[in-house]
Amino acid sequence: MVDVDFCVVGAGFAGLTAALRLKQAGHSVTVLEARDRVGGRTYTENRSDGSWLDRGGAWIGPGQDRIYALMDEFGVPSYKQFVDGDAMMFLDGQTYKYRGTVPLSLSPVAVANLGVVFAELTQMCKSIPPDAPWTAPKALRWDRLTWAKWLDANTLSKPARLLLESSVAGLYTSAASELSLLFCLYQMAAAGGPSFVLGVEGAAEDARPVGGMGAIYRAVSAELDDAILLAHPVRGITQDDAGVTVRSDTAEIRARRVIVTVPVAIASHIVYEPMLPVDRALLHQRMPSGAVFKIAMIFDEPFWRADRLSGQSFAPGSAATLTIDSCTEAGTPGILTAITEGAEARALCRLAPADRRQAVLAAVAERFGDRARSPVDYVEHNWSVERYSGGGMISHAPPGVLTEFGPALRRPCGRIHWAGTESSAQMYGFIDGAVRSGERAAAEVVDHEARARV
Ligand SMILES: Cc1cc2nc3c(=O)[nH]c(=O)nc-3n(C[C@H](O)[C@H](O)[C@H](O)COP(=O)(O)OP(=O)(O)OC[C@H]3O[C@@H](n4cnc5c(N)ncnc54)[C@H](O)[C@@H]3O)c2cc1C
(Lines of atoms letter the chains of each structure in order from A and count residues from 1; the text may use other names and numbers.)
(Lines give C-alpha, C1' and ligand atoms only; values in the text may rest on other atoms or scores of the structure.)
Protein backbone atom coordinates (compact mmCIF):
# COMPACT_ATOMS: atom_id res chain seq x y z
CA MET A 1 0.00 0.00 0.00
CA VAL A 2 1.34 3.44 -1.00
CA ASP A 3 0.65 6.21 1.52
CA VAL A 4 0.40 9.78 0.18
CA ASP A 5 -1.26 13.07 1.06
CA PHE A 6 -3.54 13.09 -1.97
CA CYS A 7 -4.53 10.74 -4.77
CA VAL A 8 -5.69 11.84 -8.24
CA VAL A 9 -7.70 9.59 -10.57
CA GLY A 10 -7.02 10.29 -14.25
CA ALA A 11 -4.08 11.94 -16.04
CA GLY A 12 -5.88 14.16 -18.53
CA PHE A 13 -5.32 17.92 -18.26
CA ALA A 14 -7.48 18.17 -15.11
CA GLY A 15 -5.66 15.38 -13.26
CA LEU A 16 -2.18 16.43 -14.37
CA THR A 17 -2.78 20.05 -13.36
CA ALA A 18 -4.27 19.08 -9.99
CA ALA A 19 -1.31 16.81 -9.23
CA LEU A 20 1.21 19.42 -10.42
CA ARG A 21 -0.22 22.14 -8.19
CA LEU A 22 -0.32 19.77 -5.19
CA LYS A 23 3.29 18.70 -5.73
CA GLN A 24 4.40 22.32 -6.17
CA ALA A 25 2.70 23.14 -2.84
CA GLY A 26 4.83 20.47 -1.15
CA HIS A 27 2.30 17.63 -0.89
CA SER A 28 2.90 14.01 -1.82
CA VAL A 29 0.59 12.80 -4.56
CA THR A 30 -0.07 9.70 -6.67
CA VAL A 31 -1.95 9.79 -9.97
CA LEU A 32 -3.66 6.60 -11.14
CA GLU A 33 -4.30 6.59 -14.89
CA ALA A 34 -6.26 3.84 -16.64
CA ARG A 35 -4.61 4.15 -20.05
CA ASP A 36 -1.01 3.39 -20.89
CA ARG A 37 -0.53 7.07 -21.75
CA VAL A 38 -1.33 10.45 -20.23
CA GLY A 39 -3.40 13.18 -21.92
CA GLY A 40 -6.90 11.66 -21.80
CA ARG A 41 -9.09 13.31 -24.43
CA THR A 42 -5.97 14.96 -25.87
CA TYR A 43 -3.49 12.68 -27.63
CA THR A 44 -0.57 13.91 -29.72
CA GLU A 45 1.10 11.49 -32.11
CA ASN A 46 4.66 12.42 -33.08
CA ARG A 47 5.50 11.29 -36.62
CA SER A 48 8.74 10.13 -38.18
CA ASP A 49 8.81 13.16 -40.54
CA GLY A 50 9.01 15.49 -37.51
CA SER A 51 5.37 16.56 -37.73
CA TRP A 52 2.69 15.74 -35.19
CA LEU A 53 -1.02 15.09 -35.10
CA ASP A 54 -3.47 15.98 -32.36
CA ARG A 55 -5.90 13.08 -32.40
CA GLY A 56 -8.10 14.68 -29.72
CA GLY A 57 -8.42 18.21 -28.31
CA ALA A 58 -6.13 20.60 -30.18
CA TRP A 59 -7.16 24.26 -30.31
CA ILE A 60 -6.91 27.06 -27.77
CA GLY A 61 -8.12 30.64 -27.91
CA PRO A 62 -8.70 34.03 -26.33
CA GLY A 63 -9.87 34.01 -22.73
CA GLN A 64 -8.37 30.57 -22.12
CA ASP A 65 -5.86 32.05 -19.72
CA ARG A 66 -5.14 28.98 -17.63
CA ILE A 67 -3.98 26.75 -20.49
CA TYR A 68 -1.88 29.66 -21.77
CA ALA A 69 -0.42 30.10 -18.25
CA LEU A 70 0.51 26.41 -18.15
CA MET A 71 2.17 26.76 -21.56
CA ASP A 72 4.14 29.78 -20.34
CA GLU A 73 5.21 27.86 -17.25
CA PHE A 74 6.65 25.07 -19.39
CA GLY A 75 7.91 27.23 -22.25
CA VAL A 76 5.49 25.95 -24.89
CA PRO A 77 4.79 28.62 -27.57
CA SER A 78 1.66 28.78 -29.70
CA TYR A 79 1.01 29.49 -33.36
CA LYS A 80 -2.04 30.82 -35.17
CA GLN A 81 -4.53 28.66 -37.04
CA PHE A 82 -4.25 29.06 -40.84
CA VAL A 83 -7.37 30.90 -42.00
CA ASP A 84 -6.36 32.55 -45.29
CA GLY A 85 -8.55 31.76 -48.27
CA ASP A 86 -12.14 30.75 -48.65
CA ALA A 87 -14.09 28.50 -46.32
CA MET A 88 -16.87 26.34 -47.78
CA MET A 89 -20.33 25.49 -46.55
CA PHE A 90 -22.83 23.04 -48.00
CA LEU A 91 -26.36 23.70 -46.77
CA ASP A 92 -29.71 22.65 -48.11
CA GLY A 93 -28.33 21.72 -51.56
CA GLN A 94 -26.39 25.01 -51.94
CA THR A 95 -22.62 25.55 -51.94
CA TYR A 96 -21.20 28.69 -50.38
CA LYS A 97 -17.63 29.99 -50.48
CA TYR A 98 -16.98 32.72 -47.96
CA ARG A 99 -14.63 34.46 -45.55
CA GLY A 100 -15.51 35.38 -41.97
CA THR A 101 -18.06 33.61 -39.80
CA VAL A 102 -21.01 32.86 -42.10
CA PRO A 103 -21.56 33.17 -45.85
CA LEU A 104 -23.20 36.52 -46.49
CA SER A 105 -24.50 35.02 -49.75
CA LEU A 106 -27.02 33.04 -47.71
CA SER A 107 -30.50 34.40 -48.36
CA PRO A 108 -31.18 37.80 -46.70
CA VAL A 109 -33.85 36.08 -44.58
CA ALA A 110 -31.31 33.55 -43.33
CA VAL A 111 -28.67 36.21 -42.55
CA ALA A 112 -31.26 38.36 -40.74
CA ASN A 113 -32.55 35.33 -38.86
CA LEU A 114 -29.01 34.39 -37.76
CA GLY A 115 -28.45 37.95 -36.55
CA VAL A 116 -31.63 37.98 -34.48
CA VAL A 117 -30.95 34.55 -32.98
CA PHE A 118 -27.39 35.52 -32.12
CA ALA A 119 -28.55 38.71 -30.38
CA GLU A 120 -31.18 36.71 -28.48
CA LEU A 121 -28.65 34.08 -27.38
CA THR A 122 -26.27 36.82 -26.23
CA GLN A 123 -29.00 38.31 -24.05
CA MET A 124 -30.03 34.93 -22.66
CA CYS A 125 -26.42 34.06 -21.78
CA LYS A 126 -26.07 37.32 -19.83
CA SER A 127 -28.70 36.08 -17.38
CA ILE A 128 -26.83 32.84 -16.66
CA PRO A 129 -24.38 32.77 -13.74
CA PRO A 130 -21.77 30.27 -15.01
CA ASP A 131 -21.01 29.05 -11.49
CA ALA A 132 -24.69 28.20 -10.86
CA PRO A 133 -26.68 28.16 -14.14
CA TRP A 134 -29.55 26.39 -12.37
CA THR A 135 -30.24 29.65 -10.49
CA ALA A 136 -30.79 31.73 -13.66
CA PRO A 137 -34.20 33.47 -13.55
CA LYS A 138 -35.51 31.35 -16.44
CA ALA A 139 -33.51 28.22 -15.63
CA LEU A 140 -36.52 25.97 -15.07
CA ARG A 141 -38.18 27.07 -18.29
CA TRP A 142 -35.05 26.72 -20.40
CA ASP A 143 -34.13 23.38 -18.85
CA ARG A 144 -37.46 21.90 -20.00
CA LEU A 145 -36.65 22.77 -23.60
CA THR A 146 -34.22 21.10 -25.95
CA TRP A 147 -31.97 23.04 -28.31
CA ALA A 148 -34.09 21.61 -31.16
CA LYS A 149 -37.36 22.82 -29.62
CA TRP A 150 -35.98 26.31 -29.11
CA LEU A 151 -34.81 26.43 -32.73
CA ASP A 152 -38.32 25.34 -33.84
CA ALA A 153 -39.68 28.50 -32.28
CA ASN A 154 -36.88 30.87 -33.29
CA THR A 155 -35.68 29.99 -36.77
CA LEU A 156 -37.69 31.00 -39.80
CA SER A 157 -35.21 30.14 -42.50
CA LYS A 158 -34.21 26.56 -43.34
CA PRO A 159 -30.49 27.25 -43.90
CA ALA A 160 -30.30 29.26 -40.64
CA ARG A 161 -31.98 26.40 -38.80
CA LEU A 162 -29.67 23.80 -40.34
CA LEU A 163 -26.59 25.83 -39.54
CA LEU A 164 -27.55 26.50 -35.91
CA GLU A 165 -28.80 22.99 -35.32
CA SER A 166 -25.79 21.19 -36.70
CA SER A 167 -23.08 23.54 -35.45
CA VAL A 168 -24.27 23.57 -31.83
CA ALA A 169 -25.37 19.93 -31.69
CA GLY A 170 -22.06 19.01 -33.33
CA LEU A 171 -20.18 20.48 -30.39
CA TYR A 172 -21.86 17.95 -28.14
CA THR A 173 -21.61 15.24 -30.81
CA SER A 174 -25.28 14.43 -30.26
CA ALA A 175 -28.66 15.39 -31.71
CA ALA A 176 -30.21 18.82 -30.99
CA SER A 177 -33.21 16.93 -29.55
CA GLU A 178 -30.97 15.45 -26.82
CA LEU A 179 -29.61 18.74 -25.45
CA SER A 180 -31.12 20.94 -22.78
CA LEU A 181 -31.37 24.56 -23.92
CA LEU A 182 -30.19 25.64 -20.47
CA PHE A 183 -27.14 23.43 -20.85
CA CYS A 184 -26.27 24.93 -24.26
CA LEU A 185 -26.64 28.45 -22.86
CA TYR A 186 -24.55 27.53 -19.83
CA GLN A 187 -21.70 26.24 -21.98
CA MET A 188 -21.83 29.41 -24.06
CA ALA A 189 -21.96 31.61 -20.94
CA ALA A 190 -19.04 29.68 -19.42
CA ALA A 191 -16.97 30.73 -22.44
CA GLY A 192 -18.02 34.38 -22.19
CA GLY A 193 -21.07 34.19 -24.49
CA PRO A 194 -22.16 32.61 -27.77
CA SER A 195 -19.43 34.33 -29.87
CA PHE A 196 -16.76 31.96 -28.62
CA VAL A 197 -18.70 28.73 -29.01
CA LEU A 198 -20.14 29.73 -32.39
CA GLY A 199 -16.83 31.19 -33.54
CA VAL A 200 -18.17 34.62 -34.38
CA GLU A 201 -15.81 37.46 -35.33
CA GLY A 202 -12.55 35.73 -34.55
CA ALA A 203 -13.60 34.83 -31.02
CA ALA A 204 -13.17 31.07 -31.47
CA GLU A 205 -10.27 28.83 -30.52
CA ASP A 206 -7.76 30.13 -33.05
CA ALA A 207 -4.33 28.84 -32.04
CA ARG A 208 -2.42 25.66 -31.23
CA PRO A 209 0.59 24.85 -29.06
CA VAL A 210 3.78 24.23 -31.05
CA GLY A 211 4.28 20.47 -30.76
CA GLY A 212 0.59 19.90 -30.08
CA MET A 213 -1.09 19.26 -26.75
CA GLY A 214 1.55 16.60 -26.07
CA ALA A 215 4.21 19.31 -25.74
CA ILE A 216 2.32 20.49 -22.66
CA TYR A 217 1.19 17.23 -21.10
CA ARG A 218 4.58 15.56 -21.56
CA ALA A 219 6.30 18.46 -19.80
CA VAL A 220 3.84 18.33 -16.90
CA SER A 221 4.10 14.56 -16.55
CA ALA A 222 7.92 14.75 -16.61
CA GLU A 223 7.64 17.09 -13.63
CA LEU A 224 5.38 14.59 -11.87
CA ASP A 225 7.72 11.75 -12.82
CA ASP A 226 7.04 8.52 -10.88
CA ALA A 227 3.98 10.00 -9.15
CA ILE A 228 1.98 8.79 -12.18
CA LEU A 229 1.06 5.11 -12.40
CA LEU A 230 -0.08 4.25 -15.95
CA ALA A 231 -2.32 1.30 -16.85
CA HIS A 232 -3.98 1.50 -13.44
CA PRO A 233 -7.74 1.77 -13.99
CA VAL A 234 -9.30 2.65 -10.67
CA ARG A 235 -11.96 0.11 -9.71
CA GLY A 236 -12.97 1.28 -6.26
CA ILE A 237 -12.72 4.14 -3.79
CA THR A 238 -13.46 3.53 -0.11
CA GLN A 239 -13.61 6.38 2.35
CA ASP A 240 -13.59 6.35 6.14
CA ASP A 241 -13.12 8.92 8.90
CA ALA A 242 -9.37 9.13 8.41
CA GLY A 243 -8.92 8.97 4.64
CA VAL A 244 -9.55 7.17 1.37
CA THR A 245 -8.29 3.94 -0.15
CA VAL A 246 -8.13 3.99 -3.94
CA ARG A 247 -7.79 0.62 -5.67
CA SER A 248 -6.70 -0.42 -9.14
CA ASP A 249 -6.17 -4.09 -10.09
CA THR A 250 -2.62 -4.07 -8.76
CA ALA A 251 -2.23 -1.08 -6.45
CA GLU A 252 -3.75 0.37 -3.33
CA ILE A 253 -3.22 4.02 -2.51
CA ARG A 254 -4.03 5.40 0.92
CA ALA A 255 -4.54 9.18 0.97
CA ARG A 256 -6.28 11.85 2.95
CA ARG A 257 -8.42 12.87 -0.01
CA VAL A 258 -8.90 11.90 -3.63
CA ILE A 259 -9.64 14.02 -6.71
CA VAL A 260 -11.60 12.14 -9.38
CA THR A 261 -11.20 13.66 -12.85
CA VAL A 262 -12.81 11.05 -15.12
CA PRO A 263 -15.57 12.27 -17.49
CA VAL A 264 -18.98 12.32 -15.75
CA ALA A 265 -20.27 9.91 -18.42
CA ILE A 266 -18.05 7.11 -17.02
CA ALA A 267 -17.70 8.14 -13.37
CA SER A 268 -20.12 5.38 -12.37
CA HIS A 269 -17.64 2.72 -13.55
CA ILE A 270 -15.86 3.20 -10.23
CA VAL A 271 -17.38 1.50 -7.17
CA TYR A 272 -17.68 3.96 -4.29
CA GLU A 273 -17.86 2.69 -0.69
CA PRO A 274 -20.00 3.84 1.00
CA MET A 275 -22.38 4.68 -1.87
CA LEU A 276 -22.21 8.29 -3.04
CA PRO A 277 -24.89 10.75 -1.90
CA VAL A 278 -27.99 10.36 -4.05
CA ASP A 279 -27.57 13.54 -6.14
CA ARG A 280 -24.06 12.67 -7.23
CA ALA A 281 -24.82 8.97 -7.76
CA LEU A 282 -27.79 9.77 -10.00
CA LEU A 283 -25.91 12.57 -11.80
CA HIS A 284 -23.52 9.86 -13.02
CA GLN A 285 -26.45 8.22 -14.81
CA ARG A 286 -27.57 11.47 -16.46
CA MET A 287 -24.71 13.11 -18.34
CA PRO A 288 -23.94 11.14 -21.49
CA SER A 289 -21.39 11.81 -24.19
CA GLY A 290 -21.71 11.54 -27.97
CA ALA A 291 -19.97 10.01 -30.98
CA VAL A 292 -17.06 11.60 -32.83
CA PHE A 293 -14.35 10.65 -35.31
CA LYS A 294 -11.29 12.81 -35.80
CA ILE A 295 -9.46 11.87 -38.98
CA ALA A 296 -6.13 13.25 -40.20
CA MET A 297 -5.33 13.10 -43.92
CA ILE A 298 -1.67 13.78 -44.62
CA PHE A 299 -0.45 15.11 -47.99
CA ASP A 300 3.01 16.18 -49.20
CA GLU A 301 1.79 19.78 -49.33
CA PRO A 302 -1.31 21.67 -48.15
CA PHE A 303 -2.53 21.85 -51.76
CA TRP A 304 -5.77 23.60 -50.80
CA ARG A 305 -3.78 26.67 -49.75
CA ALA A 306 -2.53 27.08 -53.34
CA ASP A 307 -6.18 26.87 -54.45
CA ARG A 308 -6.93 29.81 -52.12
CA LEU A 309 -8.95 27.64 -49.79
CA SER A 310 -8.55 27.80 -46.02
CA GLY A 311 -9.23 24.06 -45.61
CA GLN A 312 -12.28 24.84 -43.51
CA SER A 313 -15.52 23.31 -44.72
CA PHE A 314 -18.84 22.44 -43.16
CA ALA A 315 -21.27 19.93 -44.64
CA PRO A 316 -23.87 18.66 -42.15
CA GLY A 317 -25.03 15.14 -42.94
CA SER A 318 -21.85 14.13 -44.76
CA ALA A 319 -19.19 11.57 -43.81
CA ALA A 320 -16.83 14.49 -43.13
CA THR A 321 -19.01 17.05 -41.36
CA LEU A 322 -16.19 19.50 -40.79
CA THR A 323 -12.73 19.87 -42.24
CA ILE A 324 -9.96 22.12 -41.03
CA ASP A 325 -6.33 22.82 -41.94
CA SER A 326 -4.25 21.17 -39.20
CA CYS A 327 -0.71 21.73 -40.44
CA THR A 328 2.00 22.29 -37.87
CA GLU A 329 3.63 25.73 -37.68
CA ALA A 330 6.06 24.56 -40.41
CA GLY A 331 3.22 24.36 -42.96
CA THR A 332 4.37 21.02 -44.43
CA PRO A 333 3.35 18.27 -44.71
CA GLY A 334 -0.23 19.20 -45.54
CA ILE A 335 -2.53 17.95 -42.80
CA LEU A 336 -6.26 18.23 -43.30
CA THR A 337 -8.48 17.05 -40.47
CA ALA A 338 -12.04 15.81 -40.83
CA ILE A 339 -14.26 15.81 -37.75
CA THR A 340 -17.50 13.86 -37.99
CA GLU A 341 -19.98 14.01 -35.15
CA GLY A 342 -23.25 12.61 -33.83
CA ALA A 343 -25.46 10.53 -36.12
CA GLU A 344 -22.94 10.75 -38.99
CA ALA A 345 -20.18 9.45 -36.70
CA ARG A 346 -22.38 6.56 -35.59
CA ALA A 347 -23.05 5.75 -39.24
CA LEU A 348 -19.28 5.69 -39.86
CA CYS A 349 -18.90 3.29 -36.91
CA ARG A 350 -21.13 0.80 -38.74
CA LEU A 351 -18.86 0.71 -41.82
CA ALA A 352 -15.84 -1.54 -42.28
CA PRO A 353 -12.59 0.50 -42.00
CA ALA A 354 -11.89 0.41 -45.78
CA ASP A 355 -15.44 1.56 -46.61
CA ARG A 356 -15.24 4.26 -43.98
CA ARG A 357 -11.99 5.59 -45.41
CA GLN A 358 -13.50 5.59 -48.89
CA ALA A 359 -16.63 7.43 -47.68
CA VAL A 360 -14.60 10.10 -45.88
CA LEU A 361 -12.13 10.65 -48.74
CA ALA A 362 -14.98 10.83 -51.28
CA ALA A 363 -16.74 13.49 -49.18
CA VAL A 364 -13.52 15.49 -48.86
CA ALA A 365 -12.68 15.14 -52.57
CA GLU A 366 -16.07 16.61 -53.51
CA ARG A 367 -14.92 19.79 -51.81
CA PHE A 368 -11.16 19.88 -52.47
CA GLY A 369 -10.81 17.94 -55.72
CA ASP A 370 -9.34 14.58 -56.65
CA ARG A 371 -5.99 15.20 -54.96
CA ALA A 372 -7.84 14.69 -51.69
CA ARG A 373 -8.51 11.06 -52.63
CA SER A 374 -4.86 10.03 -52.24
CA PRO A 375 -3.35 11.14 -48.96
CA VAL A 376 0.10 9.74 -48.15
CA ASP A 377 -1.34 8.71 -44.81
CA TYR A 378 -4.78 8.50 -43.21
CA VAL A 379 -5.10 8.33 -39.41
CA GLU A 380 -8.54 7.98 -37.87
CA HIS A 381 -9.42 8.13 -34.20
CA ASN A 382 -12.83 6.95 -33.11
CA TRP A 383 -13.47 8.57 -29.73
CA SER A 384 -17.02 7.19 -29.70
CA VAL A 385 -15.74 3.84 -28.48
CA GLU A 386 -12.93 4.91 -26.16
CA ARG A 387 -13.53 2.97 -22.95
CA TYR A 388 -11.87 5.56 -20.73
CA SER A 389 -13.58 8.58 -22.33
CA GLY A 390 -17.07 7.15 -22.72
CA GLY A 391 -17.42 8.89 -26.11
CA GLY A 392 -16.42 12.40 -27.09
CA MET A 393 -15.99 15.25 -27.09
CA ILE A 394 -17.63 16.07 -23.74
CA SER A 395 -20.45 14.97 -21.47
CA HIS A 396 -23.63 17.05 -21.92
CA ALA A 397 -26.83 17.57 -19.91
CA PRO A 398 -30.18 16.49 -21.37
CA PRO A 399 -33.32 18.45 -20.30
CA GLY A 400 -34.02 18.56 -16.58
CA VAL A 401 -30.57 17.51 -15.43
CA LEU A 402 -28.91 20.84 -14.63
CA THR A 403 -31.81 22.18 -12.57
CA GLU A 404 -32.28 18.89 -10.70
CA PHE A 405 -28.67 17.73 -10.31
CA GLY A 406 -26.41 20.66 -11.33
CA PRO A 407 -25.21 21.58 -7.81
CA ALA A 408 -23.74 18.06 -7.52
CA LEU A 409 -21.27 18.73 -10.37
CA ARG A 410 -18.62 20.21 -8.07
CA ARG A 411 -19.83 19.49 -4.54
CA PRO A 412 -17.34 17.18 -2.74
CA CYS A 413 -18.68 13.89 -1.39
CA GLY A 414 -16.84 13.59 1.92
CA ARG A 415 -13.20 12.97 0.99
CA ILE A 416 -13.94 12.60 -2.71
CA HIS A 417 -13.50 15.79 -4.77
CA TRP A 418 -14.43 16.26 -8.42
CA ALA A 419 -12.48 17.83 -11.25
CA GLY A 420 -12.54 17.48 -15.03
CA THR A 421 -13.70 19.94 -17.67
CA GLU A 422 -17.34 19.03 -16.95
CA SER A 423 -16.94 20.47 -13.45
CA SER A 424 -15.60 23.82 -14.60
CA ALA A 425 -17.69 26.98 -14.27
CA GLN A 426 -15.49 28.64 -16.89
CA MET A 427 -14.67 27.15 -20.28
CA TYR A 428 -16.79 24.05 -19.62
CA GLY A 429 -15.84 21.37 -22.13
CA PHE A 430 -12.56 22.92 -23.18
CA ILE A 431 -9.00 21.94 -22.27
CA ASP A 432 -8.73 25.28 -20.49
CA GLY A 433 -11.77 24.26 -18.39
CA ALA A 434 -9.98 21.03 -17.46
CA VAL A 435 -6.91 22.97 -16.30
CA ARG A 436 -9.07 25.37 -14.28
CA SER A 437 -10.92 22.47 -12.65
CA GLY A 438 -7.63 20.79 -11.68
CA GLU A 439 -6.38 23.98 -10.07
CA ARG A 440 -9.69 24.52 -8.26
CA ALA A 441 -9.77 20.94 -6.94
CA ALA A 442 -6.13 21.07 -5.78
CA ALA A 443 -6.89 24.23 -3.76
CA GLU A 444 -10.10 22.63 -2.47
CA VAL A 445 -8.48 19.47 -1.03
CA VAL A 446 -5.75 21.48 0.68
CA ASP A 447 -8.32 23.88 2.12
CA HIS A 448 -10.57 21.03 3.36
CA GLU A 449 -7.59 19.34 5.03
CA ALA A 450 -6.48 22.56 6.69
CA ARG A 451 -10.00 23.15 8.02
CA ALA A 452 -10.30 19.55 9.22
CA ARG A 453 -7.15 19.99 11.31
CA VAL A 454 -8.29 23.13 13.12
C1 LIG B 1 -12.02 14.72 -30.79
C2 LIG B 1 -11.95 15.79 -29.73
C3 LIG B 1 -11.64 17.08 -30.10
C4 LIG B 1 -11.61 18.09 -29.13
N5 LIG B 1 -11.20 19.34 -29.52
C6 LIG B 1 -10.97 20.28 -28.56
C7 LIG B 1 -10.29 21.50 -28.91
O8 LIG B 1 -9.87 21.69 -30.05
N9 LIG B 1 -10.13 22.40 -27.90
C10 LIG B 1 -10.54 22.19 -26.62
O11 LIG B 1 -10.36 23.07 -25.76
N12 LIG B 1 -11.13 21.01 -26.28
C13 LIG B 1 -11.32 20.05 -27.20
N14 LIG B 1 -11.86 18.84 -26.85
C15 LIG B 1 -12.26 18.63 -25.45
C16 LIG B 1 -11.03 18.42 -24.56
O17 LIG B 1 -10.18 17.46 -25.13
C18 LIG B 1 -11.46 18.02 -23.17
O19 LIG B 1 -12.30 19.05 -22.64
C20 LIG B 1 -10.31 17.86 -22.17
O21 LIG B 1 -9.23 17.17 -22.74
C22 LIG B 1 -10.83 17.14 -20.95
O23 LIG B 1 -9.81 16.96 -19.99
P24 LIG B 1 -10.15 16.26 -18.60
O25 LIG B 1 -8.88 16.14 -17.87
O26 LIG B 1 -11.29 16.94 -17.96
O27 LIG B 1 -10.71 14.81 -19.00
P28 LIG B 1 -9.92 13.60 -19.74
O29 LIG B 1 -8.93 14.16 -20.72
O30 LIG B 1 -10.96 12.70 -20.26
O31 LIG B 1 -9.11 12.93 -18.56
C32 LIG B 1 -9.66 11.93 -17.75
C33 LIG B 1 -8.60 10.86 -17.54
O34 LIG B 1 -9.15 9.87 -16.68
C35 LIG B 1 -8.73 8.60 -17.16
N36 LIG B 1 -9.65 7.59 -16.61
C37 LIG B 1 -10.90 7.28 -16.98
N38 LIG B 1 -11.42 6.32 -16.19
C39 LIG B 1 -10.46 6.02 -15.28
C40 LIG B 1 -10.37 5.11 -14.19
N41 LIG B 1 -11.41 4.32 -13.85
N42 LIG B 1 -9.22 5.06 -13.49
C43 LIG B 1 -8.17 5.86 -13.79
N44 LIG B 1 -8.19 6.74 -14.82
C45 LIG B 1 -9.33 6.82 -15.55
C46 LIG B 1 -8.77 8.73 -18.65
O47 LIG B 1 -8.00 7.75 -19.30
C48 LIG B 1 -8.23 10.15 -18.84
O49 LIG B 1 -6.84 10.15 -18.99
C50 LIG B 1 -11.89 17.80 -27.79
C51 LIG B 1 -12.20 16.49 -27.41
C52 LIG B 1 -12.22 15.49 -28.37
C53 LIG B 1 -12.50 14.07 -27.95
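Each residue, glycine too, has its Cβ placed from N, Cα and C.
Together with E33, A34, E422, the FAD site in TrEMBL holds one more listed residue from V220, V234, which is V234. Most Cβ neighbours within 10 Å, among the binding-site residues A34, V234: V234 holds that distinction in the structure as shown. E33, A34, V234 are the binding-site residues among E33, A34, V234, E422 whose C-beta comes within less than 6 Å of an atom of ligand 1, given in sequence order. In the three-state DSSP reading, E422 (FAD binding site) counts as helix. Binding of FAD is attributed in the record to E33, A34, V234, E422, and the widest Cα separation among these residues amounts to 19 Å.
Note on the domain 'Amine oxidase' (13-445): mean pLDDT across this stretch is 95.
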